[in-house]
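TrEMBL has this to say about the protein:
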DOMAIN    6-394  domain 'Major facilitator superfamily (MFS) profile'
TRANSMEM  44-63  transmembrane segment
TRANSMEM  75-94  transmembrane segment
TRANSMEM  100-123  transmembrane segment
TRANSMEM  135-154  transmembrane segment
TRANSMEM  166-184  transmembrane segment
TRANSMEM  216-237  transmembrane segment
TRANSMEM  249-268  transmembrane segment
TRANSMEM  280-300  transmembrane segment
TRANSMEM  306-327  transmembrane segment
TRANSMEM  339-359  transmembrane segment
TRANSMEM  371-389  transmembrane segment
Amino acid sequence: MSLRRYPALVWLGIAIMILSLGIRQSFGLFMAPISTSFDVGREFFSLAIALQNLLFGLFQPFVGMAADRYGPRRVIVCGGLAYGLGLALTSVAAQPEWLYLTLGALVGLGLSATSYVIVLGAVARVVPAQHAAKAFGLTTAAGSFGMFAMIPGAQTLLTEFGWQSALQVFAIGCALIVAFGAFMRMPQTDTSTGNDAPEQTLKQALAEAFRHPGYWLIHLGFFVCGFHVMFIATHLPSYLADLGLPSNAAAMALAYVGVFNIFGSYFWGMMGDRYDKRHVMFALYVLRAAVIAAFVMFPISTHSATVFGAAIGFCWLGTVPLTSGLVRQIFGPRYLATLYGLVFFTHQVGSFLGAWFGGRIYDATGSYTPIWWLTVVMALIAAVLHLPINAKPVERPLPAAQPA
């Protein structure tokens, strides 16, 4: 399927992802000005962002269930409203404690309802199964583009108008999310390949997934992905600083992660449509292991850090279209938002542990070397875990014929 033949819903989802994840990626720029404005340390802002990320993961299964029951349009509209309200209230906060509710809870809820799980679940309903992974890759790449493109604009707004006005502009941007979501019309029929029994309920879908061994292997693999991503994003700057590299080395490396993630997400999604997703996932994790091992083994320099950023960025979120594609392939599109939402929550648990355990190991040993090699081992384990997954669509009994 060529890009021009994708339904309008896919392009609306791409626009939503650019805005939602692009705004989120800029929050780090607000730490210093907000902390200075309230004349407090950085604890308040840091804890608000930590709460936001925790709720971002915790809300995923529930907003997924809501989307499967009421449709993604309503969920995205409500999520965009919560997102915008959280940003607007943050801009007029009178006390730093307000940030826990506004930037933490409201924005966390808004993010969960306007990003990966909901948008990919909607895309799955309008794109044929054989093209789903490519469409997921394109959508994920759009989110990555938003992350990369929004930061310069946010910095300009902060410099020219201050943090309150910048947040208010972003709140207005959330109105576009609401508008795009309102135009997302689901078709009367979906793109199921026959593995969605007409009368299957959400409870039955959950029970079916929980009985499937492959579903839990997918959870474990995505846990490793979350561990990798958050460990590297959190600790790479400190690791490079410990080795005496200038601060711009880490900034450049992370920038290259974002740029190459755009191409990588689309590439791995396209490979998932052409080849067995299990084998593509195996190759992706082996590549991650090789990239990390080479980075640690060879002398570290500004140049090698940049090369590492580009290489790890290429396989950064390539797991998203493959993982969501596997869930869709096995269980169908009907309850993808719920089932992938649960898998994404496991990813966020891995993210939490990656950020925390990296610091714990460093404090205990005075070095990041043990945790780097742990990530290599985890990547190889994740690669092997995907091979035994039974990726065939589950067979469901047809409804009994009604007597004449």
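Cβ atoms here come from the backbone N, Cα and C positions, even for glycine.
Those TrEMBL annotations? Automatic predictions, nothing curated.
Note that the coordinates shown come from a computational prediction; the quantities given were computed from them, not determined experimentally.
Counted over residue pairs separated by six or more positions, the transmembrane segment (306-327) shares at least 3 Cβ pairs under 8 angstroms with the transmembrane segment (216-237), which defines the two as touching. Against the transmembrane segment (100-123), the recorded stretches 166-184, 249-268, 371-389 differ in Cβ pairs under 8 Å, and the greatest number is found for 166-184. By the Cβ criterion (distance under 8 Å, sequence gap of 6 or more), the transmembrane segment (249-268) is counted as touching the transmembrane segment (135-154), at least 3 such pairs being found. When the stretches 75-94, 135-154, 280-300, 371-389 are ranked by Cβ pairs under 8 Å to the transmembrane segment (166-184), first place goes to 75-94.
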